[in-house]
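Contents: one structure, followed by commentary.
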Amino acid sequence: MKKKNIYSIRKLGVGIASVTLGTLLISGGVTPAANAAQHDEAQQNAFYQVLNMPNLNADQRNGFIQSLKDDPSQSANVLGEAQKLNDSQAPKADAQQNKFNKDQQSAFYEILNMPNLNEEQRNGFIQSLKDDPSQSTNVLGEAKKLNESQAPKADNNFNKEQQNAFYEILNMPNLNEEQRNGFIQSLKDDPSQSANLLAEAKKLNESQAPKADNKFNKEQQNAFYEILHLPNLNEEQRNGFIQSLKDDPSQSANLLAEAKKLNDAQAPKADNKFNKEQQNAFYEILHLPNLTEEQRNGFIQSLKDDPSVSKEILAEAKKLNDAQAPKEEDNNKPGKEDGNKPGKEDGNKPGKEDNKKPGKEDGNKPGKEDNKKPGKEDGNKPGKEDGNKPGKEDGNKPGKEDGNKPGKEDGNGVHVVKPGDTVNDIAKANGTTADKIAADNKLADKNMIKPGQELVVDKKQPANHADANKAQALPETGEENPFIGTTVFGGLSLALGAALLAGRRREL
C-alpha cells in the first residue's frame with residue numbers, strides 16, 4: 001500500500017514536471033523550480049570550498065551551507081565571509097607559512113642572522129614582524145641597534161678617527177687604569193666624539209706627567225733651565241715659577257723676566273754687577289786705607305744707589321781718605337802737607353841723589369835749596385810753607401785744609417761739611433754740642449748731614465787747640481829747630497866737596 005502511494009507520487013511529480021516544462025517551452029520562460037534545480041557554478045564552488053575550510057567548526061560550516069541553499073544568489077558573499085572566518089581562526093604555527101612581503105622577508109632574514117641577540121630578543125623581533133609587516137623597517141632598525149650595543153668590545157668596528165683615539169689612549173703612560181677605561185668606554189658609546197675625547201685624554205695625561213718628562217717648547221725649556229740656575233731664589237720661589245711655566249707655557253718670557261727680577265733683588269750686595277766705572281770706584285773705595293767702616297759703607301751704598309755718579313763718589317771718597325791719612329803717610333812731618341820741609345823726599349833734602357854731588361842740588365851750595373838758606377824752602381823760614389808760619393797751610397792755622405779746619409768755623413759762624421764729617425766731630429772741634437748744632441740748624445736727624453752743607457756754629461775753637469797744632473809742627477825726632485841739623489849737614493857736605501875737588505886737581 002505504501003509502495004503504491006510512493007509510486008503514485010512519483011508519477012504525479014513526473015506529470016507535473018512535464019506539464020511545467022511544456023508550459024515553459026510554450027511561453028519561452030523558466031520556472032523557479034527549474035532555476036533552483038540548476039545551481040550555478042558559483043554556488044557549487046562555494047559549497048565545495050566551505051566544506052574544505054579546516055578552521056571552521058561544524059556549526060559554522062553547516063550555517064554557511066544552509067545560507068548557500070537558502071539563497072544561491074549570495075554564494076559569493078557567503079564564501080567570502082567563510083574564508084575570512086577560517087583565516088582568523090587559523091593556528092599560530094601555521095602563520096609562518098604566510099607570504100611576507102619583500103621588506104618583511106628581508107627583516108626576518110637579517111634578524112635571524114644577528115649574532116649578538118639572544119633567543120628571547122630574536123623571537124620578540126620576529127613576532128613583531130608577523131604581527132605587523134608594515135613595521136618591518138622600524139623593527140629591523142631596533143634589532144640592529146640592540147645587536148651593535150651588545151657586540152663584544154674587541155669586535156667593535158671603530159672608524160678611522162675612533163681607532164686612532166683608541167690606540168693613542170691605550171698608550172698614554174700617565175693615565176691610570178680607571179681613567180683609561182673611562183675614555184675607551186666613551187669612545188665606544190659615541191664614536192662621533194672621538195676627537196674631543198682624545199683631546200681630553202691628552203690634556204689629562206700631560207697634567208699627570210712626571211715633572212722631568214714634560215715636553216717644553218724651546219722658549220719654555222730655556223726659561224725652565226735659567227730659573228733652575230738662578231742662585232738667589234729659594235726653593236719655594238723656584239718651584240712656584242716652574243709650576244707657572246708648566247701651567248701656561250705661553251707666558252714663559254714673562255715668567256722668566258719676573259724670576260730674574262726677583263733673583264737680582266735678592267742677590268747678595270757683593271754679587272751686584274756694576275758697570276765698569278762703578279766696579280772701578282767700588283774696588284778703589286774698598287782699598288782706601290784711611291776710611292772708617294761707616295764711611296766706606298756709606299760710599300759703597302751710594303755707588304749702588306746711583307752708579308751714574310760713580311766718578312763723583314770716588315772723588316769724594318779719595319778726598320776724605322787723603323784728609324784722614326796719618327801725617328807720616330803724607331810724606332810730611334807732623335802738621336805739614338806740602339812736602340816742602342827738610343826731611344822730605346822731593347829732591348830738596350841734602351844728601352839726596354839726583355846725579356849731583358852730595359849735599360848739592362841744582363847748583364846750590366850744600367845745605368841750600370834754590371839759592372835759599374839751609375832749612376828754608378821757597379824763601380820761607382824753616383818750618384814755614386808759602387810764607388806762612390810753621391804748621392800752617394795756605395794761610396790757615398796749623399792743621400787746616402783748604403782754608404777750613406776740620407770741625408772749625410770759617411770765622412763767620414758757619415761750618416761747611418766735608419766728606420766724613422759728623423755732627424759730633426764738628427761740635428767737639430768747636431767746643432759745642434751736637435744737640436746745639438742740630439737745634440740751631442733745625443736738623444731732623446743730627447746724623448743726616450752731607451758734604452757741602454753749611455751749618456751754623458755758635459762757639460769758637462778753644463784757644464789751646466792752636467798751641468797743640470804748633471807743637472805738632474816739629475819733627476818727630478824731638479828737635480826744636482831744624483836749622484841746626486841743616487847746618488851740620490851743610491858743613492859735612494862742604495868738607496866732602498872740598499876733598500873731592502882737591503882729588504881732581506891732583507889728577508890733573
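Quick reminder: no glycine exception, Cβ is built from N, Cα and C everywhere.
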Look up motif 'YSIRK-G/S signaling motif' in Swiss-Prot and report which of 7-18, 19-30, 163-174 it refers to.
7-18
For the repeat '2-11' (414-421), sequence-distant contacts whose Cβ falls under 8 Å of one of its Cβ atoms, 6 or more beyond its ends:
291-292, 295, 316-317, 319-320, 323-324, 404, 406-408, 430, 449-457
Within the repeat 'Immunoglobulin-binding region B' (212-269), how many residues are helix, strand or coil going by DSSP?
44 helix, 0 strand, 14 coil
If you run through the repeat '2-12' (422-429) with DSSP, how many residues end up as helix, strand and coil?
7 helix, 0 strand, 1 coil
